[in-house]
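> Can you keep this structure in mind? I'll have questions shortly.
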Amino acid sequence: MAGDQMHVLSALDSAKTQWYHFTAIVIAGMGFFTDAYDLFCISLVTKLIGRVYYTADGASKPGSLPPNVSAAVNGVAFVGTLTGQLFFGWLGDRVGRKSVYGMTLLLMIICSVASGLSFGDTPTSVMATLCFFRFWLGFGIGGDYPLSATIMSEYANKRTRGAFIAAVFAMQGFGILAGGAVAIGITAIFRSRFPAPPFAADPAASTPPQADYVWRLILMFGALPAALTFYWRMRMPETARYTAIVAKNAERAAADMSKVLQVKITAEQAEMASPVDKPFTSKPFGLFSGEFARRHGFHLLGTTSTWLLLDIAYYSQNLFQKDIFSAIGWIPEAKTMSALDELYHIARAQTLIALCGTVPGYWFTVALIDVVGRFKIQAAGFFVMTAFMLALAVPYDHWTAAGNQIGFVVLYALTFFFANFGPNATTFIVPAEIYPARLRATCHGISAASGKVGAIVGSFGFLYLAQSPVPAKAAAHGYPPGIGVRNSLFALAGCSLLGFLLTFLVPEPKGKSLEEMSRENEVGQP
């Protein structure tokens, strides 16, 4: 792309920050709000679902989901997300970002409501219905990853691009807090309206019939914020970079951007800016071409592997916070509480950890990513996560002893803080900045799907890996013997350390245009 062809894209890169940028953050971020809300809430309500559907008459302890059912409920949404990331990433490059953007949000709205309406004559059929709708919910959420990241990167100016993409991702923080607030609020209402004794006092009465409505209402509420932004998402124009570079309609690109951004672009300037009307010395290369491998092969290896390793560590802990809290004594023993009391205590504990550790990390990234840079934040985040996991694992017996649990929780919260002020944010941001426009959503989708493979490994593997190595103790929970929580933390520390090393494959996009990073601005390059 010759220098005089860069006029329009340079105008977008240098455009001042304005109100539409913030509007786009909210519109694009609703998918991540729903993603985090669903992930947070499903880890809460699985305990309640176990009590409602799997408590046997005469049992000495409250019911819980069988291992295979728990793995399916927790993991099926990840399988859907992975599939959606690959499909909608490819489709976003094929037919345009805007063309499919509304489809993902509509899927989230419908399937969030449908998850709460899961039906069946037996517990197995209810769980099968829930898993079906959670797969398609994940499919819609997955599509939002490459589309939202790509749209925000192509709207933003290069000076604050990292902060804008990070802010979209940081909507997960609001989703987490909303999940906690909704769960606490609904549970508090039902507890006061339908008081129940602890399981130890009266097993049957400890789970009132109305508890079956609680988990359904919590899951369904996730559809509301997405529904409120659907209209505005459908009104968003296609990005200028896609329209001019990929769709070859420079005049439309100029008109669209002039409507929403305070950038004056004439049709003549847009035509000059479109690289499609100029001869190139080489043909456009595809994803599986040798030219792509030469230019971006190591980049793709870096973005996929670091996201994979981050999500193994992140989701292994995030999905099962409630079990860790119970193990260290932060949540009372299940049989000393009613079903709604247990949900209330778990929701309160997880919300406190999110408020103190998880959510602030997102906004530290927003504030500092365009100052410090992506590479430094990601490398430092992986390194500090490794250190904190080792600090949890080495003296694990000390942390689980009576009186020391608060120290464990503080280190645990700091681990999440540096995950979010670190690789959890940067692995999402960088793939939207370093690949060519015609492959940008596809490559982001591939990177994100790799991350979800890690989440699947974490969500399925941690159920078994963290079980006690003593067969009798593991069997009491319905699992085969594992390696224990302590050794699992050592394994997760190893994943974080490897992520730190592989970060060196990822380039630094701070302060550079998208065309500079993808090398689309080079003379003779497509």
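Cβ atoms are placed via backbone N, Cα and C, with glycine included.
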> So, Thr150 and Gly511, same side of the membrane or not, per Swiss-Prot?
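Yes, Swiss-Prot places Thr150 and Gly511 on the same side of the membrane.
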> Same chain, outside the transmembrane segment (123-143) by at least 6, Cβ under 8 Å from its Cβ: which residues?
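Residues 31, 34-35, 38, 42, 49, 53-54, 65, 69, 72-73, 76-89, 91, 100, 103-108, 110-112, 114-115, 445, 448-449, 452 contact the transmembrane segment (123-143) from elsewhere in the chain.
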> With pairs closer than 6 in sequence left out, are the transmembrane segment (446-466) and the transmembrane segment (164-184) joined by 3 or more CB pairs under 8 Å?
no
> Which stretch, 25-45, 352-372, 408-430, 446-466, tops the Cβ pairs under 8 Å count with the transmembrane segment (212-232)?
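By Cβ pairs under 8 Å, 25-45 leads among 25-45, 352-372, 408-430, 446-466.
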> For the topological domain 'Extracellular' (396-407), what does DSSP give as the number of helix, strand and coil residues?
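Summed over the topological domain 'Extracellular' (396-407), the classes give 8 helix, 0 strand, 4 coil.
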> Any contact between the transmembrane segment (71-91) and the transmembrane segment (352-372)? By contact I mean 3+ C-beta pairs closer than 8 Å, pairs at least 6 apart along the chain.
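By the criterion, they do not touch.
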